[in-house]
Amino acid sequence: MRTHYCGDVRSHDVGTTVTLFGWVDRRRDHGGVIFLDLRDRSGVVQIVSDPERTPNSYAKAEQLRNEYVVKVTGRVSARPEESLNPRLPTGEVEIYADQIELLNAVRKQLPFQVSTTESESVREDLRLKYRYLDLRRETMAANLQLRHQVVKAMRRYLEDEQNFVEIETPVLTRSTPEGARDYLVPSRVNPGEWFALPQSPQLFKQLLMVAGYDRYYQIARCFRDEDLRADRQPEFTQLDMEMSFMSQEEILELNEALVCHIFKQVKGIELPRPFPRLTYAEAMDRYGSDKPDTRFGLELVNVSDLMKDSGFKVFSGAVASGGLVKVLPIPNGNDLISNVRIKPGGDLFKEATDAGAKGLAYIRVREGGEIDTIGAIKDNLTEAQKAELLQRTGAKPGHLLLFGAGTAAIVNKTLDRLRQVLGRELNLIDPAKINLLWIVEFPMFEWNADEKRLEALHHPFTAPYPEDVQDLKTAQAQAYDLVYNGFEVGGGSLRIYQTELQKQVFETIGLSPEEAQNKFGFLLEAFEYGTPPHGGIAYGLDRLVMLLAGEESIRDVIAFPKTQQARCLLTSAPAEVDLRQLKELHVASTSQPKVNG
């Protein structure tokens, strides 16, 4: 029977006999004495097999190789002074093995080295194909342990400190496509009808408020069929919360306390409160993003009013058509950024055009306040405009000014992208710094140019401010996002809880009364039976753990993630299914079957 995990043996165990189970991380033979590093999910401890002191185990120790599974029973001893290993929590002790039992061997060559001492870089596709081996590695074990600690801290705080109740909501529900595409599941017993996997528990948690469960939470699995990137997965996990009879201020205060509790429990960090707040308008104006990384400066400057009368048609034309002209000022940019990078073919020019810009205009500030740029800008700014530009941007000799001109969406996306790239490149970001802030006062709606209609910026169940109800199209939402070092880790709002207002919002986003009734009739009816005022929030657990772990991809904090092509390399999912299964589901495929060979 196991007495300890490998990583838990300490100096206070010296003199005791312990039984451990684990994998051979490394085997070394020093002058006839065999040293084994034994590993389990808790860490590594050193095992010693000496032919004189532990003859019963020595023959077995000679047979062992990396990743063999063994049981070890032995006596804990203090390491000699010269053998202490301060890098390991178990580095003050070693275990003299009285018995070693081989439980299983490795019968194939390992696709990569698992040992904690190996520093080789392993291709991600190989790691994902052999994920069960990758999860044995020290970094991945630490990440999953961190994830567990985060969830544990969430549960303990919400249940023990705030009287929340954990309630599960359905995974098979109906499709209500308003955002990303749904994953659909055919119903065998109801031919021609389909379930959808939930993109969030949004409607069910609101119904729980109607039912009187005024403080609900759930560690919820969610599904979205969308294009992937480093911090997205087709299936992901949320901490989902909903509360009745609470104001926005009370919800924000409770959630700040929750986040501070998580940081204290899992990282030992005391976060200052209250968290800073920016309105959506302020964030977009200063940073070009509603999830700004505020660990560094490089704030944007709006010069639209200054450029509307300039002779440079790109700038004046952008303003005349309702767009913006903004500047990203870069101190010492003249020395740090060459012309090659900001002209066509350069990497920064490409960043701008990839964001939708038609080009990248710039000004270099020289000694004496002289400006150096392409002739079209220089020749079409008056001396007064030049002076005002330098004054507003705080530009000094050596500054590089990068311009964005066009629609607000393109200008903000372009300069936000450049700001992030240059912030990292110029080492302006302290990786140890933690900046958390709330973004508040979002617009209720944004214009969808492709579909030529308004759509909800968050979702159509978000409540407007009461004073904005008379003109919903320009209303601000009682919504809030939590931003952590440039990543949105949580988002929520107060909800609509009156039937008529909910119908008006559906109408504003282009849903006819018939469509609204067909998709959301059950919710509208529920609102007729005494619905309390309520609001909530959801945290992206994967993204939060990624940031706490210092990783760059959420795939490194998920046990069995999908690739950016939404595939599981371990199981080869998704895969074709047997024709008989499709017939049972009354489903026919429009894709041509794959031809083997």
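Backbone N, Cα and C atoms are what each Cβ position is placed from, and that goes for glycine too.
The site 'Important for tRNA non-discrimination' annotation in Swiss-Prot covers HIS30, and the record cites sequence analysis as its basis. Take the CB of HIS30 (site 'Important for tRNA non-discrimination') and look out to 10 A: across all protein chains shown you find 8 other CB atoms.
Taking Cβ-Cβ distances under 8 Å and a sequence gap of 6 or more within the same chain, the neighbours of ARG495 (L-aspartate binding site) are GLN206, MET209, PHE461, THR462, ALA463, HIS534, GLY535, GLY536. Sequence annotations record features per position, and here Swiss-Prot assigns L-aspartate binding site to GLU178, ARG224, HIS458, ARG495 based on sequence analysis.
Remote same-chain residues near the region 'Aspartate' (202-205) are listed as 169-170, 173, 176, 216, 218, 240, 242, 459, 461, 520, 523, 536 (criterion: CB distance under 8 Å, separation of at least six residues from the stretch ends). What Swiss-Prot lists as region 'Aspartate' is 202-205.
Look at Swiss-Prot and you will find ARG224, ASP225, GLU226, GLN233, GLU488, GLY540, LEU541, ASP542, ARG543 tagged as ATP binding site. ARG224 (L-aspartate binding site): 20 other CB atoms within 10 A of its CB, across all protein chains. In the three-state DSSP reading, ARG224 (L-aspartate binding site) counts as coil.
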Practice item. Counting Cβ neighbours within 10 Å across all chains shown, tell me which of the binding-site residues HIS458, ARG543 comes out on top. Key: ARG543
Point to revise | GLU488 (ATP binding site) versus recorded positions HIS30, ARG224, HIS458 - nearest by Cα | key: HIS458
Point to revise | Set of same-chain residues at least 6 away whose C-beta sits under 8 angstroms from GLU226 (ATP binding site) | key: ALA180, ARG181, ARG232, PRO234
Review point. What whole-number distance in angstrom separates the two most remote CA atoms of the ATP-binding residues ARG224, ASP225, GLU226, GLN233, GLU488, GLY540, LEU541, ASP542, ARG543?
Key: 20
Revision key, fill the gap. DSSP says HIS458 (L-aspartate binding site), in three-state terms, is coil
